[in-house]
């Protein structure tokens, strides 16, 4: 039986404006709220009722989880939040329009920053203090960096709940979920460039006690 549900947050205000978002804490758009509600409905129709919830520390992830769980009467779920599930930090690209970055730097560099595995964008020069984080946030991250900070959390915190027989819901971001799916499906560093996780559609797996996926992920319905 499928025991892991991955859900990318719904469309955000900056997704709507085609801006690089990263760790900037923006809210869901009206479309994103509808996507989150639909995600909850899909969980109900598929009879996928999670026992525990994991989210990032970013509002769009938390909003999506709350709206989806309202649809299945599970807002009371035990909940764990971690910066390790945050979106990839896009460095100095954060807040910039993707089309303008593409025009300025060209398709090859743009795709390397956006979809490549081990190429971080240009870093920020400094980072404002944020009470959510005990240590200073990164100034930029590649997808490899995201995977390196996510996998210890997966193995040490999330996986034990699956081994204990729980159904786990992880509501996170395009790149943190790409990093996890890369691990679960053993996707190569090259092929992961083609992997995209759509907003607001539950992606389900069956995870065995060793932490391996027994089948490729499938989207509901």
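Counting begins at 1 with the first residue displayed.
Backbone N, Cα and C atoms are what each Cβ position is placed from, and that goes for glycine too.
Listed ranges 114-140, 141-167, 168-194; the one Swiss-Prot annotates as region 'Disordered' is 114-140. A coil conformation is recorded for residue 173 (site 'Transition state stabilizer') in the three-state DSSP classification, outside any helix or strand. Straight-line distance linking the Cα atoms of residue 173 (site 'Transition state stabilizer') and residue 8 (substrate binding site), rounded to a whole number, equals 5 Å. Cα of residue 98 (substrate binding site) to Cα of residue 9 (active site, tele-phosphohistidine intermediate): a span of 19 Å.
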